Amino acid sequence: MGVLLPIFFGVLLLFTVTPPSMSQLPPTIMVPAPAPAPISPSDLCNGIFLSYDFILGRKIPPNDTADQPYRFESVLTVLNNGREELKEWRVFVGFQHNEILISATDALIVNGTELPALVGNGTIFGGYPVSDLKTAIQTAGDLKQMTAEIELVGTQFMVAPPAVPLPSNISLVNEGWLCPVPTLQSKRELTTCCIRDASIIVNTTITTKFLPRQPGDLTIMYDVIRAYDQNYLTEVTMENHNPLGRLDHWELSFDWMRDEFIQKMQGAYPTVVDATKCIFGPQSLIYTGLDFADVLTCERRPIIIDLPPTKKDDSTLGNIPSCCRNGTILPRIMDPSKSVSVFTMQVAKMPPDFNRSALFPPQNWRIKGTLNPDYSCGPPVRVTPTFYPDPSGMPTNKSSFASWQIVCNITQAKTEIPKCCVSFSAFFNDSIIPCNTCACGCVSETRRTCSAETPSLLIPPDALLLPFENRTALTLAWNALKHKTLPNPMPCGDNCGVSINWHMASDYRGGWTVRITIFNWGEIDFPNWFLAVQMKKPALLGFEKAYSFNASLLSVDGGVNNTIFMEGLPGLDYLVAEADEKDPKKKNIRIPGKQQSVIQFSKKLTPGINVAERDGFPAKVIFNGEECLLPDLLPMASGGRRNGAITVLSFITFYVAAFMVLL
């Protein structure tokens, strides 16, 4: 018994300290560990992350099953996840549903188009008023300084909910960036991650403050040369860099975005002098002691024009270098001193910008001239300050307080209406191929009495000197002689202010000649005019000289000596406007301004050239920077002889008609 007792207590102790088996435990519920949060596409991007999020859309009036409009609201996001600051960000959004953009927060359309704007073919946005996106390294990860969120509201057509009208593409258009094809993250979101082009060396130092200046056909500098708390003085410099670009009677316009107004100007003037909008606006509440009668303009979008030469030395209005030339800006090849135009403005600011360093240039710049190419201008870009000679005469340079550059380039839209046209003629054909019907457009009132679609009719040489409205009898008689069927109604005129006749005057064994005549049918004179002609290379190889024009070969658009550049000789560089005929018997006929010269070509280097065909006629004609519309036809030769022999009776018939039109 004494031996069994310790064994009993030992077994009891073993059962007491041994835990029960799994089968003896009550059942437990296993809780799985939470899944990791999905990684955002932006977190995987080490460059510039772009996203386009469609928020909502709804049907809007009117009801139209063929072209139903819908409202859309979207958000465009630009996030800098890279190692360098993104200056002056530019993002292309490939709208594709005939969108009309109504509003965009914290951004502007780069080409200066005002809202609402047609953006159905895509558009480029730029940040405003904040245009630079800093890095996480610079800001310790402050997303407010790294991100731009643009809320877009507009109208699109024919994409009904629940379908989503996403753009075809989004991409960063800043130079040196590569963007892959966007990825559809969901039915409503499009994203892409843009990275630096490895072939471009970039200065990634944190101290880089301004972008380098960019080339363009025309550049505008906005230099703040004096800065005060409530106003500043700026110098605006327009410079032409295109050898075939120019401006006549330029008009410059822009938008003040912060209620600024122009107090004074020198070297230029607004087309409307009016301070009414200041008196009845917020400016009068701030500038209570200011006499607004001395303010030049309070227009939100003023139009600025150049001054006449008589104001050049005016101490109040002029006295600015490179001002006061009636708005003429020439190519450098003609006169470098006249390729620049300058004026100054004293700009009054509004709160909260009452600080010397609070400087904001106007936006949406546009510049145009009369019978000149169209320019598309980008937004102001902050660049390195401009240096200019010290006005005190000291041998030093002064720096502007701040400088912005606006780059403008010549554009040629498919729907653009030309402003000048060309007619063809040749020694081997007695008919003139006139400018095309409605070459420079036709107004709706004119279309009621003539045909805008019917090709223009051949005309006799005499008719080339007459305005279109005085050519009718001559044209009818001439086409009757040629046994041509006359259309009804007759074709409309070309409606061009300037026309150029290209006449092949001769073609012989050693060379050939062309006579060029420039006609000014408008009401504006053209001082310092120029004409540029581009032809096929074989013809240009034979160019020798022009007799009454100053002519030379010019290399443009990457070519070598591919353009004949012509201007008037001293005393012959003024193309006057159309004027009344001095002969009282012809008082109903207007006489165009006219300049003419013969151009000599050699066949020494081009023995196989066929000048009677396309080789002897231009591929492009440019007058004062504006490309002129060429005819659809070329003069035709008949058996190598002049075409269309005329009998004595035909001569009598024709000149009777010609005499009648002059009565």
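Glycine residues also receive a Cβ, built from the backbone N, Cα and C atoms like all the rest.
Residue density at Asn63 (N-linked glycosylation site): 8 other Cβ atoms are found within 10 A of its Cβ, drawing on all protein chains shown. The annotation N-linked glycosylation site is assigned in Swiss-Prot to Asn63 (among others).
Secondary structure at Asn111 (N-linked glycosylation site), taken from DSSP and collapsed to helix, strand or coil, is coil. Residues near Asn111 (N-linked glycosylation site) in space but far in sequence (CB under 8 A, at least 6 apart, same chain), listed by position: Thr123, Ile124, Ser376, Cys377, Gly378. Look at Swiss-Prot and you will find Asn111 (among others) tagged as N-linked glycosylation site.
A C-beta separation below 8 Å, combined with a sequence spacing of at least six in one chain, links Asn121 (N-linked glycosylation site) to Phe95. Taken from Swiss-Prot, the feature N-linked glycosylation site applies to Asn121 (among others), supported by sequence analysis.
Cβ neighbour count for Asn169 (N-linked glycosylation site) (all protein chains, 10 Å cutoff from its Cβ): 17. Marked as N-linked glycosylation site by Swiss-Prot on the basis of sequence analysis: Asn169 (among others).
Sequence annotations record features per position, and here Swiss-Prot assigns N-linked glycosylation site to Asn203 (among others).
Take the CB of Asn326 (N-linked glycosylation site) and look out to 10 A: across all protein chains shown you find 15 other CB atoms. Secondary structure from DSSP puts Asn326 (N-linked glycosylation site) in coil. If you look up Swiss-Prot, you'll see Asn326 (among others) marked as N-linked glycosylation site, on the strength of sequence analysis.
Among the features that Swiss-Prot reports, N-linked glycosylation site is placed at Asn355 (among others). For Asn355 (N-linked glycosylation site), the number of other Cβ atoms no farther than 10 Å from its own Cβ, over all displayed protein chains, is 13.
Annotation note: Asn397 (N-linked glycosylation site) sits in a strand segment as assigned by DSSP. The feature N-linked glycosylation site is assigned by Swiss-Prot to Asn397 (among others), with sequence analysis given as support.
According to Swiss-Prot, the feature N-linked glycosylation site maps to Asn409 (among others). For Asn409 (N-linked glycosylation site), the same-chain residues that are 6 or more apart in sequence and have a Cβ closer than 8 Å to its Cβ are Gly216, Asp217, Leu218, Tyr375, Ser376.
Secondary structure from DSSP puts Asn429 (N-linked glycosylation site) in a beta strand. Take the CB of Asn429 (N-linked glycosylation site) and look out to 10 A: across all protein chains shown you find 21 other CB atoms. Summarising the annotation, Swiss-Prot assigns N-linked glycosylation site to Asn429 (among others) and lists sequence analysis as the type of evidence.
The feature N-linked glycosylation site is assigned by Swiss-Prot to Asn470 (among others). Summarising the environment of Asn470 (N-linked glycosylation site), the number of other Cβ atoms within 10 Å of its Cβ, over all protein chains shown, is 16. DSSP assigns Asn470 (N-linked glycosylation site) to a helical segment in the three-state reduction.
Marked as N-linked glycosylation site by Swiss-Prot on the basis of sequence analysis: Asn561 (among others). Its Cβ taken as reference, Asn561 (N-linked glycosylation site) is surrounded by 14 other Cβ atoms within 10 Å in the chains shown.
As annotated by Swiss-Prot, GPI-anchor amidated serine applies to Ser638, with the evidence given as sequence analysis.
The signal peptide annotation in Swiss-Prot covers 1-23.
Asn326 (N-linked glycosylation site) has Asn470 as its nearest neighbour among the glycosylation sites Asn63, Asn169, Asn470, going by CA to CA distance. Note on proximity: of the glycosylation sites Asn63, Asn169, Asn429, Asn470, the one nearest Asn561 (N-linked glycosylation site) is Asn429, by Cα distance. Ranked by Cα separation from Asn355 (N-linked glycosylation site), the glycosylation sites Asn169, Asn397, Asn429, Asn470 are led by Asn397. Closest in space to Asn429 (N-linked glycosylation site), of the glycosylation sites given as Asn63, Asn169, Asn397, Asn470, is Asn470, taking the CA atom of each residue.
Asn397 (N-linked glycosylation site) sits 47 Å from Asn169 (N-linked glycosylation site), counting Cα to Cα.
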